Structure formats: C-alpha cells, structure tokens
Amino acid sequence: MGLNRPAPRKGNKSAAPARKPKLAAGVEARMAATAALQAVLVDHRATEAVLEATDGPFYKLDPRERGLARALLGTALRRHGQIRDALGRFLDKPVPKKSGPLAAILDIAAAQILFMDVPDHAAVSVAVDSAESDRDARHFKGLTNAVLRRLTEQRDAILADQDEIDLNTPDWLFRGWAKAYGTETARAIAAAHVLEPSLDITVKSRPDYWAEQLGGIVLPTGSIRLIAHGPIEALPGFAEGEWWVQDAAAALPARLLGPVEGKLVADLCAAPGGKTAQLAAAGAIVTAVDISEMRLARVRENLERLHLKVETVAADVENWTPDVLFDAILLDAPCSATGTIRRHPDVAFLKRPADIAALADLQFRLLTKATELLKRGGTLVYCTCSLEPAEGEAQIHRALGTLPLALEPVAPADVGGIDSICRDGFLRTLPSDLPQEEPRLSGLDGFFAARLRKL
Ligand SMILES: C[S@@+](CC[C@H](N)C(=O)[O-])C[C@H]1O[C@@H](n2cnc3c(N)ncnc32)[C@H](O)[C@@H]1O
C-alpha cells in the first residue's frame, strides 16, 4: 500500500483537472491521529484545540475518518504508558530527536496492534509508509517495520506482563489520589481512566422517552447514558434541541441550587454552557459570564439550538461589576480538570503540580468575588472538575473561615439518592463511581461541589 499512489483511472482519456489522490480508507485518519498526538505530546497543545483548529489535521476529515482518528488518538493517550513500555522492549535506545514524527507513528501503530480491533497489517503498513513519506523519519522505515512486526508477534505476552494502572498514570497524580482517597480507590480511579467513557446526555424533559429513542438508560440522577457511536449530531432529538451532551456528574452542581424558576442567577465561568442550559431550562433568569468571547460564542450557539434564552457577558469575573446582586450563583471555576481524564486523556500529560497551586489561588479569588455578587441569604454553588482536594474541599474549608458563608450540606436526596457521592457535606464524584455490569456504561467524571449560603 502506498500513501500517495492513486489507483489508475480506467477509460478516462480527457485531460481531467489535477485531483488530490484518494487515499485508502483509514490512512488519512491514521495520519491525522499521528499529527495530533505529536501536537499534544511535543507541542503541549490540548486535544480539543487540535481537533477544532481549521488548519489542523482533523478539520478536513470526513465523519468516518474523524471518528477513527479520534479513537486512535484517544487510545494512544489513554494507554500511552503501556504503549511506550511495549515499544521499549524492542528498541535498544530511545527514538532519536531528529526522527521527525517517528515516535508518534510508532505510538499510533502500537495503539492499534495492542488495543484496537483493526487488522495488524493495516497498522504496520500505514506506519511504514508514513515513516517513508517524512524526510527525517524515512531513515527509520526498516526499524519501524521490524519493531511493529515483533510487537504483533508478542502482543499477548506483553499485555499479560504489564500493570496498566502503574504504567498509564503519572506518579504525582497517583500519589495525590492515594493520599486523598486511599490506595485502593486511587487504583480504581486509574483503572476507570483507561476505559472509553459513555456518552451522557441531559434532556430538557421526558428522560424515559429520550432514553428509549436513543437506546440508553436513565441514571438515578436523571441523566441519560449510552454507549457512544457515530456523530452526535445525527442522533434523534439533537437537531430539535431536546438535549445536550453533559457528563452525569457535571449535571449535578446546577441542581444543587434547588428550584431557580424566576430567580436571578449568575453562571460564572459559563462556557461552553452545559450548566447555563440547565439553569435556563429550569426557568432561571440567567446571566452567563465567561472571560473568553470565543467560548461564549459556543454558549450562544448551543443555547440557540436548545431554544433557550440567557444574557451572555464577556468579562473577567474578578473585575466584573454588574448593577444587581444575584439570588443564586454557580461558580464552575477554571481548574486542572483532572476529573475529566476519562474524556480528555491529554490532561494527564499537559498538567503539572505547579498548575494546581496557581489554579487554587485563582479559584479562591473567584470564590471571594462570587460571594460579593450574591444577595444576603442567597445560595452559591462552587464546583470544579478536579480530583485534587486543593481545588475542592480545601477551598471551602478556607472560605468558611474567612468569607461570610455557611455550608448547606449536600444530601443524597439532592443527587439521585446516591449516598457514596456525598462526602462530608460536599458532592465528590470519582471516575470509579457508579459501576455498572457493562463497563462502557460505568463511571462519572471527578467533580467537587459545595453549596453555601451567604450570611
Ligand atoms: C470549567 S470551564 C466551565 C464549564 C461550564 N461551566 C460548563 O458547564 O459548560 C471554565 C471556564 O472558565 C472561564 N474562565 C477562566 N477564568 C475566568 C475568569 N477570570 N473570568 C471568567 N471566566 C473565566 C474559561 O474561559 C472557561 O470557559
């Protein structure tokens, strides 16, 4: 198989305009996934930014190729420790610096050989062709072929010998989770991170009806859960604006505000707007604030599809001075996002311990400002999608000692009756929560939320 060799077109004698050669199915997806993996691991770019970049490797892919490219990239990131360990068994020294995309080519091929249901020969031959087509990687074409062939031969023995939790989890994150939740739970969190997550949906109404339409189940919290496949836009009810994609744990903080119909509610740090949509659908008069005008455009786009109305404000919450005080405030503060590694495995590579400390400072300043914007007696929900107590529990312990706030404990009745996610009066969900018989329907993003009343 050649990367750039189109099949000869028979019987076409006229001088046709030059066309881009058509590549075999799956080749473009593998090339895009390789480029994206390099962008994440070498240039430290977030996957979402790479996926959305109009000049990026994913933009021009058709939906099928894009689906495959996403799956390749996701597997290569989720299982990266195992992949590098397996490849290392056949390499006597690290991949040289001047070998272009060689490391990413090997990673993407190994992800397929070790973990995906695709023919080995397709994985190996596309990798060899990709190496050949790059000026620097070309010198390692023979090595690529030899290493990957040996990997196909020894796959089962290697997988049986690996500790997936140990290999795929950065040490500093594992140590923090073991300290906060115990070693057994930290292992369960890490085990949840290698699984492909479910698709969770929040509906405006009629969860049972939509679960049936979508082929999903209704969770005790009211979210619908299904095994993701195919483009989301093609699912029933999407175009009509009946529902939006939102992890089941991410749907809980807005509910902690209780009935909000007719109340003035500020949604601080609102984009892309999952929680804004919940508040608007519940009848609140919502002001959605975000520092990023570009991300606020996404909020407006999402709410238009959902036929919901809110006021949007592009502002840094720290400097925002509205004319009114609010009855209720939701502060979904920017955070390390370590609770979303299941859905965004790049987070494990992009975040560093120093980021947590810097974010914790910002979160406390935002919490202080949110308290100022609230009426006396009003309710404030603070939340983060982080597993790190410094971004959750520790912030509230500090706030209770210094800001005019009292804790209104979260009870199981607030969160679908699930006792295990109410810890010390806080909402604390973990990726290992909500186990189901079908692993692809298990888990929750790691969220923290506290409900506070202004004194
Ligand atoms: C965790 S995301 C919010 C997710 C959103 N609440 C939802 O449910 O879809 C954090 C958001 O905070 C915004 N942000 C970060 N710093 C901010 C600040 N100082 N003021 C306002 N927004 C900020 C970011 O642009 C980002 O959109």
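A Cβ is built for glycine as well, from the same backbone N, Cα and C atoms used for every other residue.
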Next on the checklist: Quick check on the annotations: TrEMBL lists region 'Disordered' for one of 1-22, 419-440. Which range is it?
Outcome noted: 1-22
Item to check | Same S-adenosyl-L-methionine site per TrEMBL - residue from Asp290, Asp323, Asp346 joining Cys269, Ala270, Ala271, Pro272, Gly273, Gly274, Lys275, Asp316, Asp332 | outcome: Asp290
Checklist entry - Can you check what DSSP calls Cys269 (S-adenosyl-L-methionine binding site), collapsed to helix, strand or coil? => result coil
Next on the checklist: Counting other Cβ atoms within 10 Å of each residue's Cβ, which of the recorded positions Ala271, Gly273, Lys275, Asp316, Cys385 comes out lowest?
Outcome noted: Asp316
Next on the checklist: So if I measure Cβ to Cβ from Cys269 (S-adenosyl-L-methionine binding site) and keep only same-chain residues at least 6 apart in sequence, which ones fall under 8 Å?
Outcome noted: Val289, Asp290, Ile291, Val317, Leu331, Asp332, Ala333, Pro334, Leu366
Item to check | Alpha-carbon spacing, Lys275 (S-adenosyl-L-methionine binding site) to Cys385 (active site, nucleophile), which is rounded to whole Å | outcome: 13
Checklist entry - Cα distance, Cys385 (active site, nucleophile) to Ala271 (S-adenosyl-L-methionine binding site), nearest Å? => result 14
Checklist entry - Given that the record lists Cys269, Ala270, Ala271, Pro272, Gly273, Gly274, Lys275, Asp290, Asp316, Asp332 as binding S-adenosyl-L-methionine, what is the largest C-alpha to C-alpha distance among them, in Å? => result 19
